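Annotated disulfide bond per Swiss-Prot: CYS6-CYS23, CYS13-CYS29, CYS20-CYS52, CYS22-CYS40, CYS31-CYS38, CYS58-CYS73, CYS69-CYS77, in sequence order.
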Amino acid sequence: AELKSCFPVGHECDDDASNCNCCGDDVYCACGWGRWNCKCKVADQSYAYGICKDKVNCPNRHLWPAKECKMPCRRNCG
């Protein structure tokens, strides 16, 4: 199914439709135990890069202000 929209953080999301459900490069579909109660959630810094790389090919990526995926900063940052 072509995604023509995306959900904001905190909105319920469909686990089966991947993180493309959720608006934002670092926002993913997080589910409770047993894959229920799934909601769009902002990824921790350590996961954000992987989520972003995953979402580069989302067909609806133009719907959110897409950023460059930045490697997580390990040490001596800024």
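Every residue gets a Cβ built from N, Cα and C, even glycine.
Source: prediction; values computed, not measured.
When each of the disulfide-bonded residues CYS20, CYS29, CYS31, CYS38, CYS52 is scored by how many other Cβ atoms sit within 10 Å of its Cβ, CYS31 comes out lowest. Under the three-state DSSP scheme, CYS38 (disulfide bond) falls in the coil class. If you take the CA of CYS52 (disulfide bond) and look 10 A around it, the disulfide-bonded residues you hit from CYS6, CYS13, CYS38, CYS40, CYS69 are CYS69.
In sequence order, the disulfide-bonded residues near CYS22 (disulfide bond) (Cα within 10 Å of its Cα) are CYS6, drawn from CYS6, CYS31, CYS38, CYS69. Listed in sequence order, the disulfide-bonded residues from CYS31, CYS38, CYS69 having a Cα within 10 Å of the Cα of CYS20 (disulfide bond) amount to none. Within 10 Å of CYS23 (disulfide bond), judged by CA to CA distance, lie the following disulfide-bonded residues from the set CYS31, CYS38, CYS40, CYS69: CYS40.
It is CYS69, among the disulfide-bonded residues CYS13, CYS22, CYS69, whose Cβ has the fewest other Cβ atoms within 10 Å in the structure shown.
Between the CA atoms of CYS29 (disulfide bond) and CYS58 (disulfide bond) there is a gap of 14 Å.
Secondary structure from DSSP puts CYS58 (disulfide bond) in coil. The Cβ of CYS58 (disulfide bond) lies under 8 Å from the Cβ of LEU3, SER18, ASN19, CYS20, each on the same chain and at least six residues away in sequence.
Put simply, of the disulfide-bonded residues CYS13, CYS31, CYS40, the one whose Cα is nearest the Cα of CYS69 (disulfide bond) is CYS40. According to DSSP, CYS13 (disulfide bond) sits in a coil region rather than a helix or strand.
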